[in-house]
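Questions regarding the structure given below will be posed in turn.
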Ligand code: HEM
Ligand SMILES: [Cu+2]
C-alpha cells in the first residue's frame, strides 16, 4: 500500500465507516431507549425520559418495575400456569352473560388477595404514577389516550419479575388527520393505559382481573366488555400450542406472544369507549386465519 | 498464484484474470457439475416464484383460497424460495468459486456428486410433504404437527437432507481451496479464504439444522420424545440461515466486480480476508433479537441482544465500502469524469450481471434502513409479527440476494458452457423492474405492518372487525408483488434460455483487461461515494427509527418496553 493515499482510501477509514450503523445508538439514546450506557437501565431510577429534551411532557409517570419489590407485590396473587386453567374457568362462569359476552366486575378482584398494600410503598420516591394516568387528559382534544407503559409481567412457574421499563409519554397528536383514522370501521383509537401492576393499582384502585385463554382457534372470552377508566389486569396463557394476542388500534397494534405453560400478565386501562380487534399473531394451524376476539369498552 | 480474487498484496498483482476465464479452463466434468447445480436451483426458484405470486395475490384479496390451501401455498413458498433456492444457488456459486481457485478443478469430486443426489432427494421430500400433508410453514414446528407426524417427518427430513447436501458440498469446497493453496505459492487468495469461511459457516449451520430438526424427525417416526426445545433451536438455526445468503452475496459481489469491470480490491487481500472472517465473528452472537417477544426472556438478554444487533451489519457494510471505493478508484484511474458521482455513469450498466449487482447493492441499503427498526427491542411488540417483516425482508431475499445470485449465474453459464446471455438488453433492464416492484411491495407492506396488519394471515377482514384501511394496503402490496414477481419470472426465463444455449457455440471468454495497477489506482485519488452512501444510510436508519418512536408515542397504548415481560 502506498503511503500517500487519501484518507478515504485507507483501510482504517473504510473499516471504521463499516461500523456506521452503530450511530443508530445515538438515536436510541435520544429516545431513552438505549440500554447502556446512556440510559439508566434496570434499576429503580429507570426513568430515561425524565427531563429529556425530546420529551415535552414532564408529568409522565415512570414505572420502575425493575424494583424487585414489585415482583413480591403480586407474587402473592401470582397466577401460575398450574392455577390458570381453574381461575380462567371460574372467571368465565362468573361473568359470562346471556348474550355470550363476558363482563368482568370488581368481584373478581376482591376474590384474591393481591397484597397491593406493598405496591405504593415500594415505588421509588418522586415517581408520580398518578400523573402518568393523567397524561391523556392533558392532551388537547384528540382521541389518543396514553399512558404509562411497561412490560407485562410473565410468570413462568411462579416466577415473577420485571425488567426495565422505558416509560414514554404520549406525544401531542400529530396524526389527527391520519388516513387510517377515519377509515377505521370501529370507533377509532380509544385511549388505553398500559401500566405496571403496581402503578395501575396505585392510580385506579385494585384492578379487575381478566383471564384470557388462547387456544386453537379462538380466544376465550372472545367478546369482552370492559368499562372506561377501570384498571384491568389481564392474565393470558395459551392452552395448546403457541399463540399470540395483538390488540389493534387502527394505527398499530400491541403484540404479546403467548405460550402454553407461561402466564403473561398485562395491566390495561381503557380511557375511551370503543371496540378493539384482538387477533392471534402466531401461526397455529389453518384456523389461525380468522382467530380473533373483540374488546368493547363502554 | 491464482488470481480470481483481487488483491494488490499478492505477488503477481497485474494478473487480474476474470473469473469467467478461470472457469472456462476447468475440466469438463466440473463445468457440467456446476451447471447441474445451477439448473437444479432454478427449479425451487421457479416454484417459489409461482407460490409467492399466488400468496401475494391472495393477501391482496385478488385470489381466494381455503385457509388450508393458503397455508399450503405459504409453506411451499417459504420452503422453496428460502431454503431450496437460496441454498442450492449457494452450492452452485460456491463450487464454481472453489474450483476456480485450482487449475485442476474440484478436489473430492465424488462428494459433490453425492451432494447433488442428496439435495435432489431432499428437495423432492420437502416439496412432496408440503404439497400433500398438513401445511406447517417452513419451520415445521412439531407442535403444529402432533396430529400429522408424517408432515413433521417429511419437512424435518427435507431440511436434514439439505443440511447434509450442503455439508458434503462444503467439504469438497474446503478441500479444493486447501489443495489449491498447497500446490501454488502457499498463499491463499482472498476469494479462496472467503470460500473457506463460507463453507465453514455452511457446515456450522448444518449442525444447527441437525440440532433443530433431528429431534423432530426422531419424534415423528416414533424414535424419541416430543422435542421440547424446537422453537429455540429453530431460532438459532434461522438466524444463521438468513446471514449465510448475505455472506454468499458479498463474495459473489467481489467476483462479479472483477468479472464485469476488471477491478480488484484497492484495499488488499488481507483486508478482504478480515472482512469475510468477520461474518463468523459478528453473526452468531447477534441472534438474540429474534426472541424479543418471547415470554420469559430476561431483560439482560434483551439488552445484550439490542446492543449486539447493531454489529450484524458491520461485515456487509465494510464489504460494500471496499467494493464501491475500489470501483470508484479504478474507474477514475481509467479516466472517468471528475465530480463526485460522474464515475458511476462509466460503470457497465448494460451488462446484465452488473445491473443485477447494482440493484442488489441498492436493495441491500434499503433493507438495512428498515431492518434496524425491527431489531430495536422497543418496537418488537409493535411490528414483530406483522407484515412489516415480509415487507422489508424481501428487499434482502429478492432484491439483494436473489438478484446477486442470478447475476452470478449469468456469468457462470456462458463461462462454463459457452453460449451467450439471452437478450442481454432486456436482462440488464429486468433487475430495475424487480427493484421498482419491490419498492411498491415494501412501501405498502411496511405501512401495513405499522398499522398492525398481521403476517401469515390471509383474511385480514376478521369478519369486518379490522380497520378497513388494511385491505387497501394489502392491495398495494399485491400490486408491487405482481410487478417484481413478473420481472423475476422473466429473469428466470432468461437464465433458462441462456442455459439452453449451452453447448451451442464455443466457450470464448473475453480476455482479461489489463487491470490498473495499484500505483495507477491509488494515489491522491479520493473515494467518497461509498462513505457518503453509508452516511445517507445511517441518516435514513435514524429517520426510520425516529419515525417508529414517534409512531409509538402517538399510539393509544404507547408500547414502550413492550415485550412480553420478564
Ligand atoms: C425469490 C426469492 C424469495 C424468497 C427467498 C422469499 C422468501 C420468503 C419467506 C422466507 C417468507 C416467509 C414465509 C412465512 O412467513 O412462512 C416469504 C413470505 C412472503 N413472500 Fe416471499 N420470497 C421470495 C419471493 C417472493 C415473491 C416473488 C413474491 C410475490 C410476488 C413473494 C411474496 C411473499 C409474500 C406476500 C409473503 C408473506 C406472506 C405472509 O406473511 O402472509 N415472495 N417470502
Ligand atoms: Cu392462534
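Placed from the backbone N, Cα and C atoms, the Cβ positions cover glycine too.
The annotation domain 'Cytochrome oxidase subunit I profile' is assigned in TrEMBL to B:35-499. Summarising the annotation, TrEMBL assigns transmembrane segment to B:35-62, B:82-99, B:111-138, B:158-178, B:234-254, B:266-283, B:303-324, B:353-375, B:395-417, B:429-450, B:477-500, B:521-546 (among others).
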Under 8 Å between C-beta atoms and at least six residues away from its ends: which parts of the chain pack against the transmembrane segment (B:303-324)?
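Beyond its ends, the transmembrane segment (B:303-324) has Cβ neighbours at 243, 246-247, 250, 253-254, 257, 265-267, 271-272, 275-276, 278-279, 282-283, 285-286, 288-289, 291-292, 361, 364-365, 368, 371-372, 375-377, 527, 529-531, 533-534, 537.
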Counting only CB pairs under 8 A, let me know which of B:82-99, B:111-138, B:353-375, B:429-450 has the most with the transmembrane segment (B:521-546).
B:353-375
For the transmembrane segment (B:111-138) against the transmembrane segment (B:234-254), do we get 3 or more Cβ-Cβ pairs below 8 Å once near-sequence pairs (under 6 apart) are dropped?
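Output no: the transmembrane segment (B:111-138) is apart from the transmembrane segment (B:234-254).
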State the mean pLDDT for the domain 'Cytochrome oxidase subunit I profile' (B:35-499).
91
